[in-house]
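What follows is a single structure, written as structure tokens, with notes after it.
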Amino acid sequence: MEKIEAVLKEERVFQPSEDFRQAARIRRLEDYEALYRESLQEPEKFWSRVASELHWFKPWDKVLEWNPPNAKWFIGGQLNLSYNCLDRHLATRGNKAAIIFEGEPGDSRILTYQQLHREVSKFANVLKGLGVRKGDRVTIYLPMIPEAAIAMLACVRIGAVHSVVFGGFSASALADRINDAQAKVLITADGGWRRGNVVPLKVNSDEALADAKSVEQVVVVRRTGHEVPMERGRDHWYHELMASASPDCPPEPMDAEDPLFILYTSGSTGKPKGVLHTTGGYSVYTYLTAQYIFDLKESDTYFCTADVGWITGHSYVVYGLLQNGATTLMYEGAPNTPDEGRIWSIIEKYSVSILYTAPTAIRAFMKWGEQWPLKYNLSSLRLLGSVGEPINPEAWFWYYKVIGKERCPIVDTWWQTETGGIMITTLPGVHPMKPGHAGKPFFGVQPEIVDTSGQPVNNPDEGGHLIIQKPWPSMLRTVWGDPERFERQYFSQYPGNYFTGDGARRDEDGYYLILGRVDDVLNVSGHRLGTMEVESALVSHPAVAEAAVVGRPDPIKGEGIVAFVTLKTGFSPSAELAQELKAHVVKAIGAIARPDEIRLTDALPKTRSGKIMRRLLRQVASGEEIKGDTSTLEDRGVVERLKSTPAQ
Ligand code: 6R9
């Protein structure tokens, strides 16, 4: 490991193989540079050209209108994303696999473009029959099964706005999201498979609906086959509704700026934000990024391990890939079921050529050992991708050598729920790779690194805040129901510029290295969680007086969660209580938010003005020496006492 760190300091650079480069869509640096220049200097020309590769019912009148923080793209144009994902391919790719599905128990299904088109059209008619109209919100709470993609595309086909909620979220998190969006219909399943267990999606849904009254109708997909309660008049089996649905459903022409979907993500307050994406810009940007960054070829089989409950699943399992007529593979379950070779067995079974996964997964693969991938034939792979958090060089080298056999380029793609698509990456046939560096801006993206006063940081390798200076097509348009929060959150620190919430550095070659969040957002196994969100879950427990949550480095998850908690009078610290609090957080948010450690303490370190000193808590949590100024602490003894509180 030390050796690898030393290697990193040498800033070793890896070239894409000559074979890869020769066959790549973009293979000359000059071409990237010319296109990049054009995309910034003549965005209208650049984006018009890209957009005209898609199908429009009515062409746009104007490419961009920018009144910070409000951007409008392809004004006046009308299109439908499901048309571009499905109908557009029927003549040339009707019998090509659109979705390859592998279930955890080993069942599999392949849906061709024809078949997917038919299923989506039928389900779109089902939704219409349930009273869903253009602009209505539909919440989708499903496992990673084809019906998740079908439901998303069916909403899009009729102009309903979907809000996919990750199946790992709890009933209460689901209820919050349904209520915020005021969804009319919920689409769920009897359950999903995870490590041989059933994820009780329908039971969670019923619990959520007790507190979420906007939902009038529920559609339930039969997946696991175990018995679930069905409420008469409200709950309907998917297969029963589909049996009589017509396969003829013309797509609704949507204005380019019509809402497409809402996706909730964590910010620095307790309440998740509903990030809103609109139709035209999101379609065009995910289409282009998928094509160039994954260097898509007609013969590729592409496998992204993300769940559709996250933005990666939206843009790079479903929409970006299907718009390009590609074959996308969905896997339902855990990577270690039935054993630690599952991902590699899927790659061998379907001759997967592109794999897109997260550093936290790569670190788990490393821990399980290279004997697992070595058992399988991975020679079909030609390109690897990483997303979700900074990839540490050790994981990068392992991925490069053990999985890619030093033959496959790696794209380390930086982006966010809010950006809709990949923003910073290398182009695989063009740019040399530097482990740990995401790379260069994609077309149309103008990043800058600034200090807290907004001045550009020009020294190579000096850190600062990462901002984006110009609008790009798939930029979020607002926070659902809270335009004021949209402006405050993203456009108030550096007026006119989008603030990412990340810190970054840029080297002399213009490569960006992402340093991680600079706000109170944790990145646990590539999932975003607000410290405040976990804190508010904790303080909703009757025993808790106050809670402060911090991250600490974790060898697999990237970041682990440590909660410092003070109790109300009458409650005393115990291991049982600590366990109960962990379970309480799981119930409030979901298993991804379970604190790794709870420290029940008598006081939190506060300044005289009452601010919790999180820096100190982070140092205590990671067992570091307490450094920096502690003179503003109200009670200097608190640090010593914190260090000696047992971690539970
Ligand atoms: C796509 C996605 C966004 C946050 C982002 C950043 C981190 C994502 C990264 C990365 C370093 C990468 N992040 N990709 N950090 N290198 N290649 O993950 O969206 O869930 O909204 O998270 O993830 O901190 O701000 P989202």
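Each Cβ is built from the backbone N, Cα and C atoms, and glycine gets one as well.
Copied over from TrEMBL, here are the features:
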BINDING   R194, R195, G196, N197, T312, N336, S525  CoA binding site
BINDING   G388, E389, P390, D412, T413, W414, W415, Q416, T417, D502, R517, R528  ATP binding site
BINDING   V539, H541, V544  Mg(2+) binding site
DOMAIN    32-85  domain 'Acetyl-coenzyme A synthetase N-terminal'
DOMAIN    87-472  domain 'AMP-dependent synthetase/ligase'
DOMAIN    533-611  domain 'AMP-binding enzyme C-terminal'
MOD_RES   K611  N6-acetyllysine
(message) Just to confirm: which same-chain residues, 6+ apart in sequence, have a Cβ under 8 Å from the Cβ of G196 (CoA binding site)?
(response) E104, T337, P338
(request) Among G388, E389, P390, D412, T413, W414, W415, Q416, T417, D502, R517, R528, the annotated ATP contacts, find the widest CA pair distance and round it to a whole Å. (result) 18
(request) Mind running the binding-site residues N197, T312, V539 against ligand 1 and keeping the ones whose CB falls under 6 Å of it? (result) T312
(request) Count up the helix, strand and coil residues in the domain 'Acetyl-coenzyme A synthetase N-terminal' (32-85) according to DSSP, in that order. (result) 24 helix, 15 strand, 15 coil
(message) Could you give me three numbers for the domain 'AMP-binding enzyme C-terminal' (533-611), the DSSP helix, strand and coil residue counts?
(response) 24 helix, 29 strand, 26 coil
(request) Filter the binding-site residues R194, R195, N197, N336, S525, H541 down to those whose C-alpha lies within 10 angstroms of the C-alpha of W415 (ATP binding site); answer none if the list is empty. (result) none
(message) Give me the count of other Cβ atoms within 10 A of the Cβ belonging to N336 (CoA binding site).
(response) 15
(request) Rounded to whole angstrom, what's the largest C-alpha distance between any two of R194, R195, G196, N197, T312, N336, S525, listed as binding CoA? (result) 25
(message) Can you name every residue in this chain, apart from V539, H541, V544, with its Cβ inside 8 Å of the center of the Cβ atoms of the recorded Mg(2+) site?
(response) A537, L538, S540, P542, A543, A545, A547, V565, L581, H584
(message) Helix, strand or coil by DSSP: which one applies to R517 (ATP binding site)?
(response) strand
